[in-house]
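To start, the structure under review is shown below, and the notes come after it.
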Amino acid sequence: MSSLLGKSTEIDIEARYATMNEKKRKRMQSNRESARRSRLKREKRIKDLINEIATLKEQILEGNKRCNDVSHKTRVLLSENDTLNSEKKILAHYLSNFYLICTSFGQKQIGCSSNQQWQETGPQKPIITTGMSKV
């Protein structure tokens with residue numbers, strides 16, 4: 001009987017090992033699947049980040065181009081503004097001379113006294129020509 005008990009115990013032990021081995025095998029398989037899913041998820045994330053980087057680089061290039069265009073237009077407008085301010089000073093000088101000529105001949109009645117409206121009265125403000133012409 002002791003040999004029967006010994007064999008029974010051996011069978012129980014083998015069954016226990018078989019069950020443990022099956023659990024271990026299932027756990028290992030589950031871990032492999034989990035690792036595979038993690039790799040796929042990481043690869044997808046990397047691809048998404050690479051695509052996002054490419055999109056951001058394109059946006060940066062477009063932004064730089066727009067910035068350069070605006071800078072060029074600003075330089076052109078500032079140049080036009082300087083030219084117009086120079087012309088304004090010349091015309092104000094001509095008008096002042098005209099007023100002096102009118103007053104020296106005593107002809108204030110013909111409208112020469114309207115010179116005051118053309119005189120500069122305060123700080124100069126830039127002339128904005130937005131939308132007037134394409135540069």
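From the backbone N, Cα and C atoms, a Cβ is placed for every residue, glycine too.
Just so it is clear, the model here is predicted, and its values are computed rather than measured.
TrEMBL tags one of the stretches 11-38, 39-66 as coiled coil, and that stretch is 39-66. Mean predicted confidence for the coiled coil (39-66): the pLDDT average there is 98. The domain 'BZIP' (21-59): residue composition by secondary structure is 39 helix, 0 strand, 0 coil, according to DSSP.
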